[in-house]
Each structure stands twice: as C-alpha cells, then as structure tokens.
C-alpha cells in the first residue's frame, strides 16, 4: 500500500509540473465497499483550476489505506489498478480547445465489484441514494427529509455533527464537494423551474455526506441513529472564498464567462431567500408563535401528569395544526410533519431544566351553580388548601370573591360566586347575584366557565331551565359556548334501574350528563351545543392512589382532567386570537360574545323607499303624495265646463220612454259632464292652495295669530265624539260576534288610538292582537311632526314598531325630513336614525339625498342614498334611486328605477301604469327583479293587473277586477271549487286513484 501511495503522489506531482488538465481524485475509506457488494459512487471533476486545488492539498496526508479494514486489503490492488487505468486514459486525452473549455462537464464514474468502469446517470444515482435512505426497513424515517423544501446547501446553516462526533470529511473532500456544489448551483440557475430535480439533488447530497461521515453505525448513505432518535447527517459547507460582487453582477445567469487566467468561473447562487415578502415573514413569525403555544400546552400537560397521547391533548394539538393550515396554508413538508415532535422535545427539555419554574400562563375561571353543590369545596380541592369557607348546613359564600393560587407552577385565578336558587320565585335573588357577577367580570373577562351541579340529583326533567334561562338572559347565549359542566359527588352509588338492578357507573354518568346538557341547549337555544362534562369528588373519604390524588370509581383522577380541560380552552383561545380565525372579543364584552351582521338587504330596501314629506294641517286637505308634482302641471286650457250648454237631468219615467240608443247617448253625456265638473273642482283646489301659500308667506306672525283668534271667536262648533264603524271580522265558529268589545270613538283629541285587526288569526279568537297610536302636531308653528307606534302580540311572538318624523323647510323648494324608527328584527330591536333632504333642481326635477344609521345587536350599519325624480310632460314620471349600506365590514349595494305613465285625466280617471326594476348586490350575489302594474277602467269595471319576475326564474301574475254591475264575475269563484272536487274524486291530474 505504501508503494501505491508513492506512485500516485509522484504521478500527481508530474501532472502538476506539466500544467495539464488531470482529474482530481481523492478516495476516502468509505469509497471502498465491504463484501456485501453495494454500489459506491465516486465523482471525478475535470477543471483547469485543478492545479490550485492540488497545491493546497499537497501537505495533507493520503487517505488511501489509512483506515482500511483488514478484510478489504485484498481488494485494494484491484481498485487501485482500475483508478490508475482511468487516469492514464484521461492523461492521454489531448488538451481541449477554448470552445471546449467554455463548456466543461463533470464525469461520474461507478466502480462495480468486478473493477470495471461505466458512466453513471445522475438521476439514477440520486434515485437509488434516496431510496436507500427512505426505504431501508431498519432505518426510522428521519426529519432530514423535511429540509428538502428549503435550500439543501447553505453557508449560514451550521454543520450538524454525526453521532460519533466527526465533522464530516476532511478538508480535501470538503473542497472537492464545494466545487460540485457550485456546479450544481449553476445548473439550478439555468433551470429554476425544475424543482423536483433540485429536491432530489439536495437529498442525494445529504445522503452522500452521511455516507462519507465515517460513521460505523451505517454502511454508505444511512443517517446515524442513537438513543435520542435519528440525527441529521452533516451538511457540506460552502467555500470560504466567494466570487467578487462585480464579477457576479456582470455574469448573466446560466452563462459561463472566462477569467483572465483561463480558469472557468462558476456562478454562485445565494441560498438565502433575500426577496421574501413581508407576508412570508409574518407567516414565519406566526408559525413560530404557534409553535411556542404548542410547547406551552405540552408543558402544561406534562405538569399535570398527562401524556401527549391523552385524548384532550391530542385533540387540542390536532385543532392547532388544522387552524394553522386553514389560516396560513402552511406546507406540511415545512412544519406540519415534525412540528409536534419538535414541540414535544422542546417541552421535555424545558421541563427537565426548569421543573420548579412558574410558567408564563394564567387561567381565569368563573364558577356558577346552585347553592350547596360544592363550588367552594372544589376550589379548595384544586389548590389543596382551604381557600374558601364551606358549610354543610347553610350557604357559605355571600359575595363575589376572587381566589388566586398556584397549581404545579401554574397561576390559577378563580372567581367564586354565591349559590343560585332553583325556584322560579327566587329569580329576583338570582338576577341580583348575577348582576354583581356581571359587574365584577367587566374588569377581566374569564377564560372558562364552570357550571356546577350534583351527579346524585335524581331529576330527569327540565326543572333547572328557568335558572339557566336567567343566566342566558343576563350573560348572553355565548356564556355556554365556553362552559364546562362539573358534576360533584361523583363517588355516589348508582341508583337502581327499571329492572331493579343498579345501573352501571358509566350509564349513571351518561344519563345525568345528558339531562344537564339538554337543559343547557334549551336555555341557549342552540341544539348543537355539546359541553364537556367533568366529574368531581371532594369528600375526605374519597379513594386515593399512591400519590394521594383522589380517584373516581371509574379509575379517573379528576383534578388533572378538570384543569386540563380549562387550560385547553385557554390555549385554543390564544391560538384563535393569534391566527385571527374569528373576530377578537371587544373590551367589556365577556365570554367572547360575537355581534351578528345586521340584515343589510332588508335595511337597504327600507332606506331606498320614497317617503312623503310632512305638511302643515292647512296644507293637507285634499293633498296626496304627488300633490307637489300636480301643482306644477296646472292645465292652461280654458275651463270647458263653464262653456257647456245647459243640461237638464231626466227623471226615471223619462228615461224609460227613451230608446236604447238614446239612453246610451244620455248616459255618455252625463258621464262627460260629471268628469268635467270634477276636473273643474280639482283645478280650483290647486288654485286655492297656491293662493293660500302666497298669502301665508306675505303675512307676519302677528297677523297669523290674529287670524287664528278670529277663527276661534267665530264660534266654531265643538267637535263631538263619533263612534267609528265596526271592523269586518273573519268568519268564526263562535256563536256571538265580539265586535262590541272593540268599538272606539273618533274624538277631538289629537291622539288617535285604534285596535289592530289580524284577519288571518287563530280560530275562536277575536282577531285583535294589538293597538296603534298616532298623533300629528306642529312644533313652533312651522315644523310639522308625527308620532306613531304599533304593538302586536300573538301566542308566539311580539312585535314593536315606532316611528317619529318631522319636516323642516329651509328655503324655497328645500325640505328636510328627519326620523327615528324602532322596529323588531328577529328577537332584537333595531334603532334607526335617518335624514333626507329634497330640493328642486329645475321646474320638473327634484333630487333627494339621505343618510341613515341603524343600531342592531351592538352593531352599527350606516348608509347613504341618492334619488332623482323627473317629470316628462304631464303624464310620465321617472324615479331613479341608488344607495349603499355598510356594517361590520360588510356592504350591500342597491338601486331601483320606476317609470309611471298616468292617464290623460289622472287622478280623476284613475288610469295608471307602473314599470319597476330593482337591483341589489350583497356578497357578490346579484338579485334583479322587475314588476309591472297597470290599472284601468273597462266601462264601470276597474281592472288591475300585476306581474313580477326575478333573475332566479320565480315570478307571479295576478289579475283583479272589481265592479258593482257585473255580478256574474262571482261565478269565477266556482272554478277552484270544482277543481278541488275533481282532484278529490279522481286524484291529481285527473288520474283515478288506485
């Protein structure tokens, strides 16, 4: 072996002196395989810079034969002969030209058992090496594979040592591998899209490094194993000498440039992600914080004596991982696969180093329950000392108090409350106590709520439902979303079952738990709730284990289990706040109450409705909502009625003497004169109204007061209460008609109170389920205002509607309408403040702008609207409006278009046609609807037709006819009756029943 070393050294010196291109070949002890015959890969590089690398390695000791095992010495000659033959072939090759120098290639040579040489395929080599690591049945999968998502070779990463303490190869092997890594980096820059090939290369390099580490525990490319589990192989380091910045900037990616000395320059790519965005950095920070939460929870479980395989621990860890993936979409190959192992290892390491250290964790617990169930005794059992006074004969806790202590180095803060009474007559007492609790917890919201009850209570009904509903009404339904049911006296003997045999303990606990959980669901109004149940036994005679911990009949140690449930809830709340999966709890709102998004489409529809402006009492006579428009369209034609010739009405006897044609002509003439007379009266009313406005504008306040006094002195007749007509009640099975009970009078009082009739009510019911109150008044003789309210209550629900409005005129053609509304939406009251201003742009154009704000369930929804009304001629009116409403980060957009075509003699003829189109966009869901309505006279019959259709394909068509002469129209009602009889006889569709 010494002679072989001398020959190899002499040949290398000769090649260096001749300055020729020779392959650099260094063989380590791992290049020689054992008798198992496994394939070994030897990489040989051809480079013009070989002289420099050789000159640096002349002083290094030879590796061949230095640590060769005895059983391999016989095969060394064969291996050395093959290497020498290959070197001679390479040295005999002519010197490459400049063109060939610009595109050098690395030749990989495989030495097989027989000593022959063959060219190796890089993809096959990488595949075999990766399979050798991952598929070996004796090797436990190592976390090293997780590094493939990152850059495999990084100069900033520390070299991980193998189990025997070796740093990897010698400096010669490290330099050789650095050249190979540089060439690999150039290839990666040339083809960045081939991510799979890069990952395979990184894995192969890690495997080759592990094989060259000299670890006797594995042959070739297997990572080291030890008592602590698999360890990562040593990562190859980057070369110490880097390419100058100027040279790096001048070289284009994927193209080789020639240095002045003729050596080939290699493009070196940075392995650190310098162009990482702020989102990625924030995601890494979030994952790190979440990992700290995992470590904290595992430390909590370890201190409570619970293993990671505990059901509660495993479920919490699973939820943390699921929440992380949903929030950030983190790749499982980066943190998901081994985050638990790392967290568990860190938790065990920190606990081993600091067992007595107090954790940076505190939990606040609120206890609620009936008196005498054992709340204070449980608090004493948790802290293993007397923190609260207890008594077996009377309530011992008289006020809300706070108990603070440490359990296994964990700070626990318990809010002890007085006991509640289950009787319905004691609800006032319970409300007073819970009012104190609600005031106390405003300072610091509790993390978990423990509701106490006894396991040995033999009640299978909902006797505690009034008490639980009182808790729900005061704290909200969200108090049960983060509550744990605690059943005390858990060592009680199970009662006898229906067959006289005692129930099993599991069945006893399940039945009692089901009753309490079902009662909570009824009180919260959510049948999906599933509160966890924990059993507690505080009696001194309770069975204990060797460590003195109290054990239940089912073998469970109740104290760690109860604390683990409390801590798990706090941990999940911290993770939820970190990942922002749900909206955070607002200050002063305990138990994580979440405000609901208001019904924006409903509120937007109410905002877009056109509202009539209020007017003074002397302006309201004979006016309608469209009176302002009618005032501006006074007909300029002469009054045709005064120019008509005299007309004498005929008596009944004279009509009978006329023929049919004469009678028809007479009726037409009479109808025309009646129509023209009504038109004359309508014009006179408009003219009188305009004159009154002008006169009122010219008169001063004193003159108005004198005019009112003169009217009072004129001796107007006093208003006499007049009974209002009875309302038409629906048919009833009752013998007597109860209308006499609800008669009311129309008095001179400004307050108008009327009953509200529900025509579609219950049988054997009067039909009156509410009342309505209205009042119109004037503020400071200029501002008309109105107040109206309605309250309805039936057997299921109650509704309240209140509206207050006032109009303020501030200039010619400018009116502002303000209002305050209260209405019932679901089970909540919505308070709305609105204001809109209408002004005249032109003679036939009016524009309205309005704002609104609605307060509903601790949420404010605000919106704006814009409306424009245009008159085209005397018959066509266009109304266009649009608005937007926002609340709780949500928005709804809407608008409508309405075109109205009036008859020639409207409003006398009552001929009117309306075409409407509405659009609303909410959450990207576009709703489009159209409706058409037309009413006209056919002789003396009023015909009304309606049709509507939306973009979802649903619509409705209705036709209504009303006449006082065509009584035969009543026969149409026979059609549905006949259809029902036919269906009952022959079945639906006319088919006979089988």
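First residue shown is number 1, and so on along the chain.
Cβ coordinates come from backbone N, Cα and C, glycine included.
489 is the only one of 408, 429, 489 that Swiss-Prot places in the GTP site (with 372, 373, 374, 375, 376, 377, 537, 538).
Range 691-716 is the one annotated as region 'Disordered', of 691-716, 717-742, 743-768, 769-794 (source: Swiss-Prot). Range with Swiss-Prot annotation region 'G1', chosen from 361-368, 369-376, 385-392, 433-440, is 369-376. Looking at the stretches 572-615, 616-659, 836-879, the one that Swiss-Prot records under the feature region 'Disordered' is 616-659. Proximity of distant same-chain residues to the transmembrane segment (969-989), defined by a Cβ-Cβ separation under 8 Å and at least 6 residues beyond the stretch ends, is recorded for 961, 963. Beyond its flanks by at least six residues, the compositional bias 'Basic and acidic residues' (650-659) meets 666 of its own chain at Cβ-Cβ distances under 8 Å. For the binding-site residues listed here (376, 538), the lowest count of other CB atoms within 10 A around the CB belongs to 538. DSSP assigns residue 374 (GTP binding site) to coil, not to a helix or a strand.
If you look at the region 'G1' (369-376), the same-chain residues 6 or more away from its ends with a CB under 8 A from one of its CBs are 388-390, 395-397, 416-422, 450-454, 464, 467, 486, 488-489, 536, 538.
DSSP assigns residue 538 (GTP binding site) to coil in the three-state reduction, outside any helix or strand.
The Cβ of residue 489 (GTP binding site) has 374, 454, 455, 456, 537, 539 as same-chain neighbours under 8 Å, each 6 or more residues away in sequence.
Neighbour counts of Cβ atoms within 10 Å were taken for the binding-site residues 372, 374; the minimum is at 372. Under DSSP, residue 489 (GTP binding site) is assigned to coil, being neither helix nor strand in the three-state scheme.
Within 8 Å of the Cβ centroid of the GTP site, not counting the listed residues 372, 373, 374, 375, 376, 377, 489, 537, 538, the chain contributes 378, 390, 452, 454, 488, 536. Shown for the region 'G3' (416-419): DSSP residue counts in helix, strand and coil, namely 0 helix, 1 strand, 3 coil.
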